[in-house]
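Copied over from TrEMBL:
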type     : residues                                : note
ACT_SITE : 173                                     : active site, proton acceptor
BINDING  : 71-75, 81-83, 153-156, 245-246, 269-271 : NAD(+) binding site
BINDING  : 181, 184, 205, 208                      : Zn(2+) binding site
DOMAIN   : 43-306                                  : domain 'Deacetylase sirtuin-type'
């Protein structure tokens, strides 16, 4: 389903879209237009987004928060995002000798040449990085009984590592926790796949001799089953938080349009993205642009959670396994 079609859809049709997406593939959207900051009336976006959302939360008007997150939430852990010019992952793939950046996550290219992905996978495997303040803020949402679900595009495993329960987490683009042959889909021991990859080898399926791949979602592959099991989350949500994502990958990007039009949507991001680039915005849309960690910390302070999050980070860090050396 192309982006030009999706962007013309009404919010009602987009809501139906989530329920009917089963079996669709992971796609890259076309580049967005130049951002325009505007309110529903066409004036500048009102200030005080964090204060407004914080007030709603403190008044108990928010009980079912859905978080939609991308690579930007992990930059504070030392993991580059994908699209930042000069520093993003796609800007630093020349050493892998691939025809275009996204090819490293393209299933057809992987079938022809799996070596570039496995070279990169050594750097991406969980265990090299620690969760940061943003991850623990989301965990605090859970501990306060406010997190309905978190939808993440990330494959770094930091959401689970910080203690967000599996039943509250949808890893929309898969994870390294399991592995399978990319040809016959026979499951393969994840730890054996990891050991082979860390040694610079391509793990091979014992059934058909195809290359074994961690179950991260490539362009051209179906999304995980769990992605479709919680389609009711967005109609139930009374607050949508969008964090650290470019919203350029479908069908994930269109999730933000499937909450009710009266439900507040808070964008915490470096730049306006997706529906926040276009005018007019919904009347319940709020943006806090800039450094994500700073914005989340400010919101935590407004809520009176900052010290509690710091204590949680300190106590939880002591129980985490020793980090792998790169």
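In case you wondered, yes, glycine gets a Cβ from its N, Cα and C as well.
Worth saying up front: this structure is predicted, and the values here are computed from it rather than measured.
Fewest other C-beta atoms within 10 Å: among the recorded positions 173, 270, that description fits 270. Checked against residue 245 (NAD(+) binding site) by C-alpha proximity, the recorded positions 173, 181, 205 yield 173 as the nearest.
For the pair residue 205 (Zn(2+) binding site) and residue 270 (NAD(+) binding site), the Cα-Cα distance reads 42 Å. Around the Cβ of residue 181 (Zn(2+) binding site), 20 further Cβ atoms fall within 10 Å across all displayed protein chains. Proximity of residue 184 (Zn(2+) binding site) to non-local residues of its own chain (separation of 6 or more, Cβ distance below 8 Å) is seen for 205, 207, 208, 210, given in sequence order. Rounded to a whole number, the C-alpha distance linking residue 71 (NAD(+) binding site) with residue 181 (Zn(2+) binding site) is 26 angstrom. For residue 154 (NAD(+) binding site), the same-chain residues lying six or more positions away in sequence with a CB closer than 8 A to its CB are 69, 70, 71, 73, 74, 171, 173.
A Cα-Cα distance of 37 Å separates residue 270 (NAD(+) binding site) from residue 181 (Zn(2+) binding site).
Of the listed binding-site residues 71, 205, 208, the Cβ environment within 10 Å is emptiest of other Cβ atoms at 208. Of all Cβ atoms in the protein chains displayed, 26 besides its own lie within 10 Å of the Cβ of residue 74 (NAD(+) binding site). Here the domain 'Deacetylase sirtuin-type' (43-306) has a mean pLDDT of 90 out of 100. Other than the site residues 181, 184, 205, 208, same-chain residues with C-beta atoms no more than 8 angstroms from the centre of those residues' C-beta atoms, the Zn(2+) site, are 182, 183, 185, 186, 206, 207, 209, 210, 212. Taken residue by residue with DSSP, residue 71 (NAD(+) binding site) is part of a helix.
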